[in-house]
Amino acid sequence: MSSTAKPSTPTHYQVLQLQPTATDQELRQAFRGLSKRYHPDTTALPASEAEVAFRQLRQAYAVLSDPAARRLYDAALAQPAPPAPLRPAPAPVVRPVPVRRALSGGEWFALLLLAVALVLSLVLGLGVAWARGAELMAWPSWWSELEAASVPPAPLAPAPVAPAELVPPVGEAQALPSPPTPLPQPPAA
């Protein structure tokens, strides 16, 4: 591997197929010979290729035929290529939050049709069930067993009392209840 990196584009000397030590006479002869070969009117190459090659030839000849421009060009070639600049770390990519667009008229119409279809199917299903006499809400078979198991036993109630004893007639003075009468005794034998 050489110490100097080869440039990606050919030098003017390479375009004219000359050495950097070429004289003005050699430069002129190389340009005339190559210009006849690459001129768009006289070449067998495609027109676009010929134009690019001929433009490079003219540019190389213009720089190398001027002594001051040639000295500057030679000095630039003699300098080592500058090191490739270090790239900074890429900034984190911020992705914009997508904006929700409004629904179009056709989309609203489709949603309306969907809602109407759902309501219509519900009404139709309930109507058919009612017409057939089906129960709209049927309890599962295990519900009665669960209900019977969860009912607590009834509390013990006092002996029933006659309704007349509970409420005295209106207008009568309330008297204390009389003491219970003793039960009759069986005859002694």
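Quick reminder: no glycine exception, Cβ is built from N, Cα and C everywhere.
Bear in mind that TrEMBL entries carry predicted annotations, made automatically and left uncurated.
Annotated compositional bias 'Pro residues' per TrEMBL: 177-189, in sequence order.
Note on the domain 'J' (11-77): its mean pLDDT in the predicted model is 87. Per TrEMBL, domain 'J' is recorded for 11-77.
Residues annotated as region 'Disordered' in TrEMBL: 170-189.
With a cut-off of 8 Å between Cβ atoms, none of the residues of this chain six or more beyond the transmembrane segment (108-131) come close. What TrEMBL lists as transmembrane segment is 108-131.
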Counts of helix, strand and coil residues, the domain 'J' (11-77), according to DSSP: 49 helix, 0 strand, 18 coil
